[in-house]
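Visitor: Grabbed the feature section from TrEMBL, which reads as follows:
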ACT_SITE  HIS443  active site, proton acceptor
BINDING   LYS53, ASP312  FAD binding site
BINDING   GLY180, SER181, GLY182, ALA183, VAL184, GLY185, LEU186, GLU187, GLU203, GLY271  NAD(+) binding site
DISULFID  CYS44-CYS49  disulfide bond
DOMAIN    7-327  domain 'FAD/NAD(P)-binding'
DOMAIN    345-453  domain 'Pyridine nucleotide-disulphide oxidoreductase dimerisation'
Amino acid sequence: MMATIWDLIVIGAGPGGYPAAIRAAQLGLSVLCIEKSPHPGGTCLNAGCIPTKALLASTHLYTQIRDQADLHGIEITTMQVNLARMQGRKERVVSQLRSGILGLFKKYGVTLLHDEAIVSGPGQITLAASGETLQAKAILLATGGQPRRPASMPVDGQVVITSEQAIALTRVPEHLIVIGSGAVGLELASIWVRLGAQVSVIEAQPEILPGWDATVARTAKRSLRQQGITFLTDHRVETVVRSGSRAAVTCLNSKGETLMLDGDQVLVAVGRQAQLCVAGIQNLELQQDEQGRLWVDAHYATSLAGLYAVGDLIAGPQLAHRATAEGLRVADYLAGRPLSPMGPIPSVVYTDPELAMVGLTEQQAKVAGYAVKCGQFPFMASGRARAQEQTEGLIKLVMDQTTGQLLGAHVVGGAGAEHLQLAMAAMLTQDRGQLLERLVMPHPSFGEALHEAWLVATQKPIHI
């Protein structure tokens, strides 16, 4: 096996790497996927997206029963959380999906090797464990990212932690201080506040969810406050100092006022950064952008012949589904298939209410020079939402009033992520909204709210 000149060697079996390996094998290429950790799936499956969603599902079920059972006429006499069993369920979910990837590799003929690969030249890698050299016509870097660790926030993995430790806690914190109000920070804050922790979220920007639509951010903040999360926006963290089993966080607001918080857990959730100090990347003198990420062309080729890169290593939103889409495109390109333009990339925060967005925000559309028209429809006016006691939130559509083109969709509540598929289809068709205009939505459904938001934007609302 090791003497083969592979058509493609993929370094990393995360959401960017393993789908690329499978697609390339499906298209007839010989593929070797090298993963240095014991399991495939990358951060997303093993310490990110999936385990977090498993815990969010468990804690959401708990709070639903606790807060709504009586409302539905269901009498609960006793209820308690077994955190160990909850964590056990999470691990089972992860294990099942790991097995699924291994099964797919076997099904499609992808060879998986657990080792650390070092790119030693064009079309050439060296295995760290054995020193063996392998050759390939193309190499794909899909090594992903890691939590950002600013020097002022020294992570020790015990008291001051990242998301990887936050999903594996064996006890509910007394006071969890979360630094950062992006998707990671808010999702983990939600998990632990539901289980009884005092949770404080510190954000340096004036509002939570930087980069999101202001209406969504305000609505989400109000809801999460009602669930017990305290927000300190416009506060920049100056120092994090551990003392025994606790840590003190000192922050400063724009007025120059200092505030100190004390907690038994501090979660640093201030974004992710590319893992460039792996696979020998740092020794290749590859061209980089101003943010230190790898430069790639339209086909994801780096400045080294035959070397490609996707996901967190290159410019763009650091999202698993984006890495997957890029990995598939690399496989298609190497197999000689034409590439069509990539569609808009959605973002989701799996809190309750769920938050989702795709395309331009209202402010971004105005800055870009569009004649902006927005349509909002509250779930309070949705029959399905009323029936399920899920009336919090809204759908907001951003359109170009001149052309009728849908520019962006923003959702709070109502299974937020599920609305984006239809919105993205409408954005891609460029049919000036005719797709949303013609739809006959099932009744009652949350999806009706998307149609109603479009009617509001075109000044033809029915239910508000």
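For all residues, glycine too, the Cβ spot is worked out from N, Cα and C.
Note that the coordinates shown come from a computational prediction; the quantities given were computed from them, not determined experimentally.
A description of the local structural setting of each listed feature is requested, covering burial, neighbours and distances.
Guide: According to its DSSP assignment, HIS443 (active site, proton acceptor) is coil. Cβ-based neighbour count (10 Å, all protein chains) for HIS443 (active site, proton acceptor) stands at 9.
Secondary structure at LYS53 (FAD binding site), taken from DSSP and collapsed to helix, strand or coil, is helix. In this view, LYS53 (FAD binding site) is surrounded by 14 other Cβ atoms within 10 Å of its Cβ, with every protein chain counted.
A C-beta separation below 8 Å, combined with a sequence spacing of at least six in one chain, links GLU203 (NAD(+) binding site) to GLY180, SER181, PRO210, PHE231, LEU232, THR233, ASP234, HIS235. In the three-state DSSP classification, GLU203 (NAD(+) binding site) falls within coil.
CYS44 (disulfide bond) carries a helical DSSP state (H, G or I).
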Visitor: Any same-chain residues 6+ apart from CYS49 (disulfide bond) with CB under 8 Å of its CB? Would you list them in sequence order, or say none?
Guide: ALA320
Visitor: Measuring Cα to Cα, how many Å separate GLY182 (NAD(+) binding site) from LYS53 (FAD binding site)?
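Guide: Each residue's Cα considered, GLY182 (NAD(+) binding site) and LYS53 (FAD binding site) end up 15 Å apart.
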Visitor: Between the binding-site residues GLY180, GLY182, whose Cβ has more other Cβ atoms within 10 Å than any of the rest?
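Guide: It comes out as GLY180.
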Visitor: Which one is it, among the recorded positions VAL184, LEU186, HIS443, that lies nearest to ASP312 (FAD binding site) by Cα separation?
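Guide: Nearest candidate: VAL184.
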Visitor: Over the domain 'Pyridine nucleotide-disulphide oxidoreductase dimerisation' (345-453), what is the model's mean pLDDT?
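Guide: Here the predicted model's pLDDT, averaged over the domain 'Pyridine nucleotide-disulphide oxidoreductase dimerisation' (345-453), is 93.
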Visitor: Cβ within 8 Å of the NAD(+) site's Cβ centroid: which residues qualify beyond GLY180, SER181, GLY182, ALA183, VAL184, GLY185, LEU186, GLU187, GLU203, GLY271?
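Guide: Apart from GLY180, SER181, GLY182, ALA183, VAL184, GLY185, LEU186, GLU187, GLU203, GLY271, the close residues are VAL178, VAL201, LEU209, ALA269, VAL349.
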Visitor: So which of the recorded positions is most packed in, judged by how many other Cβ atoms lie within 10 Å of its Cβ, out of CYS44, LEU186, ASP312?
Guide: ASP312
